[in-house]
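**Student:** Sharing a structure with you now.
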Amino acid sequence: MIIDLIWIITSYVIGSIPFGVLFANIFCGIDPRTLGSGNVGATNITRICGRKLGFITLFFDVLKGFFPVVIATYLSESPFMYTMTGLAAIIGHLYSCFLHFKGGKAVATSIGVLIPIAFWQLLFAAILCTFFIWRSGFVSLGSLVLVTSLPIILFITGKFAYIPLSLIIMALIFWSHKQNIQRLIKGEEKVWKHSESI
């Protein structure tokens with residue numbers, strides 16, 4: 001129990017690591033919080049530093065969700081433990097202790113959390129996400145489709161233990177995308193790499 005609690009706290013710290021800020025400072029000499037959308041995620045890093053660094057940021061943001069949950073599967077056989085570990089990493093990205101409790105939008109980190117425990121369900125949701133991005137041009141809309149469809153897919157496929165996690169993720173992602181949603185409603189959202197999502 002103590003080990004589980006320590007790992008959940010550690011997962012929050014791992015999730016808090018602002019790779020976008022670190023990479024942009026090291027390789028571009030800039031603070032992404034002051035340029036583009038001001039977001040610390042891969043989408044804004046792509047915008048201000050290029051696709052290569054954006055992809056690297058995306059990889060590490062996914063990894064900081066993936067790694068804690070994988071370790072949790074070795075520490076415990078409880079889906080509740082995986083849920084708490086994953087949420088800790090996601091909340092770390094959203095409210096980083098290294099960025100005065102501010103952060104990114106947590107789409108990439110949420111994907112990382114789900115890969116070890118709901119891979120096929122996530123893959124199907126990602127296909128829907130990609131389709132909507134391709135058809136609409138809005139990365140933010142695709143992200144919202146992904147997190148909205150996931151609880152339904154989990155229910156259909158009988159992965160009931162992770163439905164609560166998926167619903168919490170959906171709520172967090174909608175909250176972190178509230179400005180994007182307002183722009184979508186007003187028809188002011190930017191398309192493709194200019195969108196603020198990941």
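Note that Cβ sites are derived from N, Cα and C of the backbone, with glycine treated the same way.
Below, the features straight out of Swiss-Prot:
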- 2-22: transmembrane segment (TRANSMEM)
- 53-73: transmembrane segment (TRANSMEM)
- 79-99: transmembrane segment (TRANSMEM)
- 113-133: transmembrane segment (TRANSMEM)
- 152-172: transmembrane segment (TRANSMEM)
**Student:** Checking distant contacts: for the transmembrane segment (79-99), what same-chain residues at least six beyond its ends satisfy Cβ-Cβ under 8 A?
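**Tutor:** Same-chain residues near the transmembrane segment (79-99) but 6 or more away: 4, 7-9, 11-18, 21, 33, 40, 61, 64-65, 68-69, 71-73, 105-106, 109-110, 112-114, 116-117, 161-162, 164-165, 168-169, 172, 176.
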**Student:** Can you tell me which parts of the same chain pack against the transmembrane segment (53-73), counting only residues 6+ beyond its ends and a CB-CB cutoff under 8 A?
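**Tutor:** For the transmembrane segment (53-73), the far contacts come to 4, 7, 10-11, 14-15, 17, 19-20, 23-24, 27-28, 41-43, 45-47, 81-82, 85-86, 88-90, 92-93, 104, 108-117, 198.
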